[in-house]
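Reading through the structure tokens given below for one structure.
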Amino acid sequence: MSSSRLIKCLSSNNYIVRSFSKSSIPTTPTPDFPGEYKEPIVKTQIPGPQSKALIERLNKLQDPRAAHFFADYANSRGNYISDVDGNILLDLYCQIASIPIGYNNPELIKAAKSDRWVSAIINRPSLGVLPPKDWPALIENSFMQVSPKGLNQVFTAMCGSCANECAYKAVFMHYQHVKRGGKPFTPEELSSCMKNQEPGSPSLSILSFKKGFHGRTFGTLSTTRSKAIHKLDIPAFDWPAATFPDLKYPLAEHAKENREIEDRCLQEVEQLIKTWHIPVAGIIVEPIQAEGGDNYATPYFFQGLRDITKKHGVSMIVDEVQTGMGATGKFWAHEHWNLTSPPDIVTFSKKMQAAGFYHNLDYRPSESYRNFNTWMGDPVRALELEVVIGEIKKNHLLDNVVITGNYLKDGLFDIAARYPGLIQNIRGEGTFLAIDFPTPAERDRVISHIRLLGVEMGGCGERSIRFRPMLVCQPSHINQFLNRFDQTMKELYKN
């Protein structure tokens with residue numbers, strides 16, 4: 001069906017989708033989002049004429065080429081995003097996995113009208129120098145309410161990239177502090193660092209994994225290896241990259257083979273730590289390689305990584321920028337691993353609204369101003385996090401994620417069974433799921449088509465579609481998606 005004919009059918013309510021039985025939709029302890037739309041509404045092409053006009057206007061000022069459409073955030077509700085042309089889409093992409101409790105959440109709106117929020121918005125402080133009087137209490141009531149086990153310190157930052165960048169700095173400073181036995185800096189170190197020379201500027205490295213993504217600042221980009229276009233023309237550090245396990249699915253049918261794959265990857269990590277020509281001070285790993293294609297490893301692999309880092313005195317950074325804040329059914333994805341000792345550093349951003357990293361006192365620099373910037377985060381985002389955490393607890397959103405994720409996964413298997421070889425490698429935890437298509441072109445075709453049916457989605461890796469719904473996404477929303485996904489497959493693959 002052509003896109004113009006599709007829009008015509010949609011607008012005349014003649015477009016019939018396969019109905020996944022509503023009687024089989026599971027219930028969750030989470031209440032419905034107040035004032036939410038009942039279902040997607042598509043009136044125009046996407047992007048529509050008003051979005052196209054704004055894209056053309058923006059093009060005169062900055063690069064708009066990545067824009068899907070222009071959003072009308074005032075008109076968006078809960079799990080549904082509105083565009084400027086009046087289309088209402090079920091949002092399963094959620095600002096690249098960064099919206100936790102819905103558009104225009106009433107509790108956030110209520111909080112934003114308070115004097116605390118107004119003061120934080122109009123009097124933005126340099127938190128490291130002149131923190132507001134309620135900053136310690138705000139940290140206790142937000143960040144420390146969800147701190148990973150074993151980590152009692154938090155460094156606040158502005159985004160996921162700078163959270164990881166500052167985590168690398170913390171690792172390097174810790175490594176050198178241990179190396180010099182806690183002694184003061186030498187005059188030679190102090191003078192040589194001003195020339196970018198050793199010993200003050202030591203030659204150290206961070207080990208990362210192929211297909212990983214950790215940001216686009218200079219240090220993080222040297223550890224990002226998901227897409228060439230991110231790295232082209234940018235100088236990079238000569239840091240090692242290990243192979244991340246490429247598991248075979250279904251996992252239960254390939255347990256022996258996958259264990260061998262993970263063992264080989266662990267051996268490679270240890271060999272790189274022992275032999276890389278630049279000493280490895282730390283490693284960074286995502287619980288799920290999100291941007292790189294939703295690549296998974298089992299708890300066995302991560303337990304092995306922790307053992308290796310402890311054995312060799314190498315810091316372990318877990319990048320929970322995309323996986324944190326409950327999307328896998330646990331607040332932190334690394335909770336699924338059952339580690340014998342916690343990671344040294346856990347970084348966060350996206351759904352947390354705020355950004356930064358958790359650590360313990362060993363990773364606090366020996367002097368002030370060493371890991372520092374003007375803002376050191378934003379109190380408004382901490383205030384937002386405080387509300388979000390309250391909503392997660394009050395509305396049982398982690399339980400909701402597990403129930404909703406299971407329903408989504410079952411529905412994907414149901415549809416995949418009717419299209420052998422097309423929908424591949426259904427995988428994930430909670431609602432943090434992904435599927436593969438045979439080629440990038442097939443994946444992109446599906447995303448474009450289902451958008452015309454009122455579902456906003458995103459890809460990752462070479463040929464994957466990633467599911468990144470909000471924590472307030474319920475089985476009823478997934479039922480709407482499954483109907484439209486099934487119809488998309490029919491339209492594209494069954495004449």
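Keep in mind that glycine also has a Cβ here, set from the backbone N, Cα and C atoms.
The pyridoxal 5'-phosphate binding site feature in Swiss-Prot is assigned to G160, S161, T374. Taken from Swiss-Prot, the feature substrate binding site applies to R216, supported by similarity to another entry. For K350, the entry in Swiss-Prot reads N6-(pyridoxal phosphate)lysine, with the evidence type similarity to another entry.
Positions of Swiss-Prot features highlighted on the structure.
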residue : record                              : contacts (Cβ under 8 Å, 6+ apart)
G160    : pyridoxal 5'-phosphate binding site : G215, V321, Q322, T347, F348, S349, K350, A355
S161    : pyridoxal 5'-phosphate binding site : H214, G215, R216, T217, T220
T374    : pyridoxal 5'-phosphate binding site : S126
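The maximal spread of the pyridoxal 5'-phosphate binding site, taken as the longest Cα to Cα distance among G160, S161, T374, is 17 Å. Neighbour counts of Cβ atoms within 10 Å were compared across the recorded positions R216, K350; the minimum falls on R216.
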